[in-house]
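> Once you've had a glance at the structure underneath, I'll fire off some questions.
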Amino acid sequence: MAELEAESLHFSVGILGISGGSLLLLVNNYGSSPEKSLIPHTALGVLLLIIAALLAYSGVRRSLSQSHLFSSVCLTVSALWGGSGLIYLLVGERVLGATELRTSLVPGLAAFTLALLILAIVSLFQREVVIFIITLSISLACGHQIAGLSSPGFGQSATAACYLLVTLVGTYFGCGRLLSFITQGRVEAPGTRLRKRKAGGRGSRGPEDCNDVVPVGLVMNLLSASVLACPLLAVVPQLSAGHVPWLWTAAVFQLGVCVLSYRAMDSLTATFYGFTSILHFTEGYSALLTAPSISIHPSSPIPFPVVFSVLFFILALFSCQKTLAEGLYQLFFVAYTIALAAQPSLSFQAGAQGVQAAIFVVSAVMLLVTSYNMSANRIPTGEGMFKAVVMRISSLTLRPRDRQLHDPYLGYSRYADAEVLGHACSVLAAFSIASSVDDRDPLVVLVLPWTVVAGGILQLLVGSVAFARGKTLESTAFILYGVMWSVWGLTRYGGLYGDTRGFNVAVGIISFLLFNSLVTVGALFLNIAWFLYAATFHLIIISFLLDAVGALPYGYDIGVSIVFGLVSFYCFLSGLFNMTFLTPQMPLGRALVRLSGKGGEGRDICPHVPARKATAVHQIAEIMKNGGICGMPTDTVYVLVAACNRPEAVEKAYRCKQQAQDRPMSLWVSSINQLEPVRSLLSPLLWDFMSAAWPSSISMVIPRGPWMEMFGLGESAKHIGTPQSIAIRNPDCAVATHLINLVGPIAVTSANPTGEADTTHHNQVYAKLGDKVDGVLCDGPSPENTASTVVDCTKIESGHIGFFRVGLVSKSQVLQIFEEVQKRHSHGQINPGFETDLTEPGPKLTDPQRHTEQHHTQSLESSPLPPATLSPSYGDTSPLPPATLSPSYGDTSPLPPATLSPSYGDTSPLPPATLSPSYGDTSPLPPATLSPSYGDTSPLPPATLSPSYGDTSPLPPATLSPSYGDTSPLPPATLSPSYGDTSPLPSDSPSYRPWVRTTTEGS
């Protein structure tokens, strides 16, 4: 329900955002004239950018909930208004001339007209009426806006009419969904209910096929192709600075598609759109340099486009494992990069523009097929052909394509592995600087976008994804190299370097050199490939240093760049190959330096399984049942656990931990029900305190007793707690409690050697404890880095508790819980009705009344059985042995059940006909003589009865037990302190054990 409400809110935000933007353009088109715009271009641009950001947020949030069609519409309209807003802003600030508005807007509007029309057709097939009306209307509005740029009298009115329809439909539907969200579904406008997504269709498809943002990436390729192909078709004179907003909008959105594809566990698609975003940034940068104010026609480094085409070709081959159509589509970009290599001037004319025209057509077809197949999957795309070919080759074994493919070596991650893109970007950055600039203007050679975007921005993105996957060394390397490529690219090839070579630049480069030395040393513990990768980049930094001090040997920088590029290319190729094939594997080499407990190799020694899978928890439980010790996540930090019924495992955990004498192990249970067998041996106040405080991050230190023998600890019990006390806890963690339910109570200690910091990630468990651990339940970083609160309950009977350690739960919270328990406990033991009897004398009795009371008192005191024979029944007051009790609830009568009254809790041996209808009445007197008191069984008149609740004793209040509802005439000292319990039976009475099957179960 909460997820549906969240989707409703995001849907409302998206629809209302589209309505708001449409209303803005509606007013502007209706109120503008050919001579003057109603809303100034600057203000219009800013407003459109704000709305575009809002739509992008809504689209991203909806893509995370796998609502591909609405997400695609939101992100597409966001790109449309974002690019248009930038152009209006540049015209308003006079960066572009007013006459350039038409030539700047037309290529982008043409692309979005076609893209939105395709989305409208798909929504029509999917019966999404609202999305169909919105996309078709905005598509027609874009088409009319193109006409309006040539004939304002015709186009503006038609554009306004289309946006009017979008405003009306979007406002009604968006407000209806918002009203439903506010009222939590109680009020819904007619026709505004969201259609439920069918369970079929995509249910059998792999996780990589559920990438809902692929259509957005195709729309961005359609946009860039339209901008570059329009000059070829003479729609616009030439590529100009006014087209930069469209190209860079496409690049930014494809970076977002790249990140969301990693989130969808689709690393191949993420790598592809990472490549295309680099191309679009470069195309926009080249168009910017051709502006009249700069007037530079840059040339590309000759080896670079060839290298890019090789990377595209390899990626296209491996992408065929998804669908053949996708691999063929990527081959068009191979042709495009080859066309760029054939014209070093990089003017994006002739051959390159012809290939872009083909990409425009193919992107439109792929957009239609991909959007349609995401829900219906009826158009064949060659899915499975790659697998069929590989299966004919006996030496190759495909790796299953599921989410486990992208699991980090220890545990779970929300992102797929991004190292393939990181190594590919290193290849591009290395070969881009292989071209010598000499004394020419650095802007003349097109190196800056390749180094800053590919080597800088993309490397930082890859480093962030690697960090999210728990890869500390890899993320450090990618982020460090990204910063280095960005700084060096901007200074050396951005015109900022100049004549500043000297000591200041050298100091900065030396700092990078020192940082990379640490990365190189760390790579010794990873594998040979990563060590060579870090060491060769060390050589590149040295070339930067020599260049800064003016001592660079001729050809040294080109040589080390090529070497680093080749090492990076091998890492790129091996990453793709090993991700696709299970056997054989391209070798990366073993670690040059190996230490015991290396986390990256822990999976080869002991199981490291994700805690989110029930099968994984069962696997760890079986290991523990067989005497193993395992690392486990909790509501605080990771711990090392062993089953209490396996004493050898507890001994092993104690020795593995090198436990200090002042830090004994503790006992954990899944719920207080697992302590039911020893409940009679625990204080009632302590039991109530446990019930109120658990499950939580509170550990309670309680007095040690013989009851610990019931858990099967044997001789290992000496390692749990101290000779006087023991710490016990019920964690507030679903994974931990489920595991304890499977194996029973467990012995627990922190998953780190004594004296070291707490373990806050599953990677650290094996790294700290080594191969002594038999399994690790992986759940990523700990939710809290603070340990539990340890409460001293050894003197709880005196009404006081202490604190050994204040952790996640504050001291005030614990004291508040304890005070509430104390209040409830005191109310349960002291009957408020007795307070009047203790302070005020009762009414004077007549002789017959006094005689009746004495007779009743003598009958109660005449019980020959000692207190030890009392029944443990709830509220039971019978002095008979438990063996003679009736199975009735609370029944204490020694007579056979057939003679018992059907009254609830009736204990009278008289026939039912003579019983009073009073609730729980046990008096044999006629009903006419009974007091109207609730549950009162005294034969005295009502005026002489005590106002206590359920009080049936005629004895003076001083002799009554403080138990709630207790009717025993015995002194209070002999009564059990349990709630309502009046029996002092020994602890071997039958009790419920939740993890042990009794002999009577199922009878």
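The count begins at 1 with the first shown residue.
Backbone N, Cα and C atoms are what each Cβ position is placed from, and that goes for glycine too.
Just so you know, TrEMBL annotations never went through curation; they're auto-generated.
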> TrEMBL tags one of 9-27, 636-654 as transmembrane segment - which one?
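Going through 9-27, 636-654 one by one, TrEMBL flags 9-27 as transmembrane segment.
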> Which listed range (213-234, 272-296, 327-344, 350-369, 558-582) shows the maximal number of Cβ pairs under 8 Å with respect to the transmembrane segment (531-552)?
558-582
> Counting only residues 6 or more past its boundaries, what in the same chain has a CB within less than 8 Å of a CB in the transmembrane segment (478-497)?
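Distal contacts: 422, 426, 429, 433, 437, 441-443, 445, 447-448, 451-452, 454-460, 462-464, 466-467, 505, 508, 512, 515-516, 519, 537, 541, 544, 547.
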> Given a Cβ distance threshold of under 8 angstroms, which distant residues of the chain, six or more beyond its ends, lie next to the transmembrane segment (9-27)?
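Those are 38-39, 44, 47-48, 51-52, 54-55, 57-59, 61-62, 65, 67, 70, 73-74, 77, 81, 130, 134, 138, 141, 159-160, 163-164, 166-167, 170-171, 173-175, 177-178, 181, 194, in sequence order.
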> How about the transmembrane segment (213-234) and the transmembrane segment (129-147): at least 3 CB pairs under 8 Å, pairs 6 or more apart in sequence, or not?
no
